[in-house]
Amino acid sequence: MNAFSSLMDGFGTALTPINLLWAAVGVLLGTAIGVLPGIGPAMAVALLLPVTYGLEPTGAFIMFAGIYYGAMFGGSTTSILLNTPGESAAVVAAMEGNPMAKSGRGAQALAAAAIGHFAGGMIGTILLVALAPKVADLAVDIGAPDYFAIMVLAFIAVTSVLGSSRIRGLASLLIGLTLGLVGLDQMTGQQRLTFGSLQLADGIDVVIVAVGLFAIGEALWVAAHLRRTSGQAIPVGRPWLGKKDVRRTWKSWLRGPLIGFPFGAIPAGGAEIPTFLSYVAEKRLSKHKEEWGKGAIEGVAGPESASSASAAGTLVSMLTLGLPTTAVAAVMLAAFQQYGIQPGPLLFERESELVWGLIASLFVGMVLLLALNLPLAPVWAKLLRIPRPYLYAGILFFAAVGAYAVGGEALDLVILLVIGLIGFGMRRYGLPVLPAVIGVILGPNAEQQLRRALQISDGSVSGLVDTPFSVSVYAVVALIVLWPLLRKLGRGVLKSRRSVEK
Amino acid sequence: MTTTEPIGPAEPSDPTGRTEEAPGPRDRRTWLREHSELGVCVMLLALGVVVLTDALTMDVAIAQRGPIGPKTVPIAVGIGLLAVSVLLAVDVLRGGRGEAEGGEDIDLSEPADWRTVLLLAGVFLATAVLIEPVGFPVAGALLFWGAAYALGSRAIHRDPLIAAGLSLVTYAVFNNLLGVPLPGGPLMGVL
């Protein structure tokens, strides 16, 4: 079956009333979360993980994907109107968008951003349809050593590429791996780090770790430093674009995905780098250089298109390889585990209805988002007036609901608080949270693949590198690890060359 | 949400990690405050020791399958924790600082408001204690109300109403619509 006919079947799944409802719920929630400060798509999906206990997987993932894409749309609204990015992906949108709003062109900035997201998301999703089955085919016969290599890549990438300090990223990863060790060893039933407690023998549920680190940690951290004065949103009318603006921006909309999609697919920190690169590229290509910094519309259109396309790229790696490249993808991976589904090359064969329904729903969600955001952006901006005590009390409330729903144990709430306090300390001392979450989610699985691979090779370490796939993945890992060294060497060479020229 | 700012003024600490020859008690306190990140190293060290002890005291002769038993990975993780703890300590003593995370609602120019954090943690613990005896609707409402109060909301009439409404609606959605059971408590028994 080719990708096109699978996609058509996917639309059959996505357009059923119940799945349309979940897509709508997802994009509404996502936009709200994008607009709201303090709550990002990763935290939102983490807080919603308990619905996996009651909902069938297709509906749940359609909703999660809607949240992911919706948050990208909503995030740029606050960037433009308030100069405070709702999400890290929307930081760049503030650079040109906010000056535009200040000079009375807020409506155009919002429109350029919304259409940019639409274009980027559409192109990105089309690339996803074209590429994902091919990647899955290529990777279809990968075995334990290859899976282990992918997970090592995820660990290394998430600690080295993100954040400013590798050592702090590594510390965070190890905390996550430790939390993942708690419980019975999956292969032998040996108790590890349970201290004789029956409840700990079940392990610490991923939901509790994700909710604790993302939601409780964040709420406590904000509570300790709550800003008592909040900014005022610039009032703005309905977003629209004149002909002149469209002529200036259509190329930017199309260029954005070329940068965003590949960066989303590799573990390089999601949308932050590609939005910035797109900004730089647009600035260089612009014919209106004098406007930059004062509100150049291309500087909104390009990066926003790149950010939505990067979300699609992220889904390629997550669905075909089980490799999470962003926090949202990591939490979605946890949701797959809750359902006992292993994302990876076989997903397209085994769960074809789920995957293609999910992909088709992305197109549906994109249309819904454009319809929601283009006329309603000023209404969404009103969400910013929600009193902060209610917002963060609400986050704590839903975190408690989610953790309790896992097993109906009051002890889980105590564990949740403890993990939340760890998350608080991590934020205080600049330990990134994402490596810890990836460590908990992938750690136990990585250990199993490692042991399986070594079982096959009868203990010989060469069993870990006996496939071309794993060798190439380790080559990438080596490149990431050695990158700072290579860069230093490169700079040294350049410098010495320059001094020779002088 | 990761627009990070350095905490406090970025002081150029000396690269050797040595402090003045004879630190008075006051100097020592400020030194400790500036290097409070060493506490993270201590925690990582302690965690590493716990993981290693647990792994080394494991009795695995019974059920080992394959060349790698349940001990190997914990030992690797434990050694990793010890190594990272030392490396982080070196980094901190050389003047490296973890940047506190910034955000839209976060004002890092003010000192941390510990009272609010402790109050929130207390409210949360109270919820954990109360949820089984009094049921979710009551405990959840108290959680929301208490947390909003701790965060500075003083709308005496509005807060409890919002808390009760939110808690009841959530209970109904999870318990009845999503099929995730939450304890109703005596209140739901009466209704």
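Each residue, glycine too, has its Cβ placed from N, Cα and C.
Per TrEMBL, the features are:
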- B:17-27: compositional bias 'Basic and acidic residues' (COMPBIAS)
- B:40-183: domain 'DUF1468' (DOMAIN)
- B:1-27: region 'Disordered' (REGION)
- B:38-63: transmembrane segment (TRANSMEM)
- B:75-93: transmembrane segment (TRANSMEM)
- B:161-182: transmembrane segment (TRANSMEM)
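If you look at the transmembrane segment (B:75-93), the same-chain residues 6 or more away from its ends with a CB under 8 A from one of its CBs are 17, 35, 37-38, 40-42, 44-45, 47-49, 51-52, 55-56. If one looks beyond the transmembrane segment (B:38-63) by at least 6 residues along the same chain, the residues whose Cβ comes under 8 Å of a Cβ in the stretch are 69-71, 74-75, 77-82, 84-86, 88-89, 92-93, 98. Using a Cβ-Cβ cut-off under 8 Å and counting only residues 6 or more beyond its ends in the same chain, the transmembrane segment (B:161-182) has close neighbours at 136-138, 140-145, 148, 188.
In the predicted model, the domain 'DUF1468' (B:40-183) shows an average pLDDT of 85.
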